[in-house]
Amino acid sequence: MYRDTTVTQASTTHICVPAHKEDTERRVKSPLFTRDGQLMRHFISKSVIMAELHHPQHGPKNQLLSGDDLKEEKDDAAESAKKKRRKKKRNKNSAPAEANVAEGNGDAGGEGDVAKLLERQTLEDKEREDGEEDGDEGENSAVKTKKKRKKKKGSKGQTDPPSIPICELYPSGDFPKGEECEYPPSKDGRSAAWRTTSEEKRALDGANEEMWNDFRQAAEAHRQVRAYVRSWIKPGMTMIDICEKLEDCSRRLIKENGLKAGLAFPTGCSINHCAAHYTPNAGDPTVLRYDDVCKIDFGTHINGRIIDCAFTVTFNPKFDGLLEAVRDATNTGIKFAGIDVRLCDVGETIQEVMESYEVEIDGKTYQVKPIRNLNGHSIGQYRIHSGKTVPIVKGGEATRMEEGDVYAIETFGSTGRGAVHDDMECSHYMKNFNVGHVPIRLPRAKHLLNVINENFGTLAFCRRWLDRLGESKYLMALKNLCDLGIIDPYPPLCDIKGSYTAQYEHTILLRPTYKEVVSRGEDY
């Protein structure tokens, strides 16, 4: 934008106009100012204007110049322009150009104003010409910049506490992959790297991309929820508060939608000698303490594609060795697992690693023992235990892992006997996946089964979840369904009292090309 500058008539009356029409069009193509006050480009030589300002005896505006005078003025103008350019180059990093012009001329009043005006216009004309040369490039750059800014403005980040569903954080529908690993070499030493480049295996992998993506969405929800839980869980909280806060966050991030998306099983928060399947029932007063070892085991699912993943929380550093042993054993099992690997070989490797650890707790040394009657397992659609078991000790099934299988690789370490038994009040239940039609005589039992089918299907549930749905006085009906074999109870599993148990677990996908630890995160 140009400044609103006024030029008096006195400062323009001494400007000579060339006699020839061609020179007139070239030198005085337009006046200094248009009617609306905007400064226009002009072609009047600055040297001519300054000469006329110093020689007022020249004739009026319409006085004609001879050809020799005109040529001389042209030469003077060219020489003056060269000097100006040299001077401007010398003073590039010094004072502003306008000040230099004013000092060099020593003029005041109208002469100084015109000199500044001409200098400013020269610079603006040069900038305008440069801009026109790079016009297309600049325009494209501006468009790109605008697009980038728009994209940045539209991107979303998770809130604190987490509240935005994962599907809204990734509107494209492509969710973060887990850790992709090459399969271990076979016993004869053959590498499995060929799977990553085989066109056939890539095609098979791509054919199941929708299924893998469901697992990844559920896994991302699990990662964000457990990171959130680690930020606030502390001694003094009741187990009910911990579970309900965790489950509420899971429901938001997974965007719970009946059997299409939701929680895969109740939140396990087994403490100390209790290794698994404990979640508080209504009215349970249990409080988390500083010296507790708490296993947080919860699951999410999208379209029945289940993520089963667990970690252990402690506050006292004396348990760090126990946690390290179990975490190392789990990672070893994950590393050794693969297509055509025998399940019993995975268990033997896990046992070897876990038993290599000794921990000192309260002045007493313990060898970390794998809990021999707890196992990892294969996972099916809407089926947390789909038939195959992954032992954590040597022996067990000689069945081989197969392409397309999904497994929960989990290990439990204990300072006790290394075996668990049913104990305490039951809280976990699940409908028998293979049950056929069973006649039910009690109306309350029929009603309860309908509620279970509509809300959980063949996924596990707990009594707190029935309370949340508004059910009451259902214990007799629930017992009847268990007695009929329609519902299976899963009571807490405990080692000897006074012992400590720890757990780590991940879900792995045996894809045709890679083994993907889909639930892997920065934490473990």
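Backbone N, Cα and C atoms are what each Cβ position is placed from, and that goes for glycine too.
HIS277 (substrate binding site) is surrounded by 25 other CB atoms, counting those within 10 A of its CB over all protein chains shown. For HIS277, HIS385, the entry in TrEMBL reads substrate binding site.
The Cβ neighbour count for GLU505 (divalent metal cation 1 binding site), using a 10 Å radius and every protein chain shown, is 24. Feature annotation from TrEMBL assigns divalent metal cation 1 binding site to ASP297, ASP308, GLU505.
Sequence annotations record features per position, and here TrEMBL assigns divalent metal cation 2 binding site to ASP308, HIS377, GLU410, GLU505. Neighbours of HIS377 (divalent metal cation 2 binding site), defined as other CB atoms within 10 A of its CB across all chains, total 19. Secondary structure at HIS377 (divalent metal cation 2 binding site), taken from DSSP and collapsed to helix, strand or coil, is strand.
Per TrEMBL, compositional bias 'Basic and acidic residues' is recorded for 68-81 (among others).
Residues or ranges marked as compositional bias 'Basic residues' in TrEMBL: 82-92 (among others).
The feature compositional bias 'Low complexity' is assigned by TrEMBL to 93-105.
Annotation source TrEMBL lists compositional bias 'Basic and acidic residues' at 113-129 (among others).
Under the heading compositional bias 'Acidic residues', TrEMBL lists 130-139.
Positions annotated as compositional bias 'Basic residues' by TrEMBL: 144-155 (among others).
Annotated compositional bias 'Basic and acidic residues' per TrEMBL: 176-190 (among others), in sequence order.
The domain 'Peptidase M24' feature in TrEMBL is assigned to 215-411.
What TrEMBL records for 56-197 is region 'Disordered'.
Only HIS277, of the binding-site residues HIS277, HIS377, HIS385, have a C-alpha within 10 angstroms of the C-alpha of ASP297 (divalent metal cation 1 binding site). Applying DSSP to the compositional bias 'Basic and acidic residues' (176-190) sorts its residues as follows: 0 helix, 3 strand, 12 coil. Those residues of the chain, other than ASP308, HIS377, GLU410, GLU505, with a C-beta within 8 angstroms of the mean position of the divalent metal cation 2 site C-beta atoms are CYS309, ALA310, GLY376, TYR407, ALA408, ILE409, HIS506, THR507.
Apart from the site residues ASP297, ASP308, GLU505, the chain places the Cβ of GLY268, PHE298, GLY299, CYS309, ALA310, ALA408, GLU410, GLN503, THR507 no farther than 8 Å from the centroid of the site's Cβ atoms, the recorded divalent metal cation 1 location. Counting only residues at least six positions away in the same chain, the Cβ atoms of ALA264, PHE265, ASP297, GLY299, ILE379, ILE384, ALA408, GLU410, GLU505, THR507, SER519 sit under 8 Å from the Cβ of ASP308 (divalent metal cation 1 binding site). Note on the compositional bias 'Basic and acidic residues' (176-190): residues 170, 196, 216, 219-220, 334-336, 338-341, 509, 514-520 of its chain, located 6 or more positions outside it, place their CB under 8 angstroms from a CB of the stretch.
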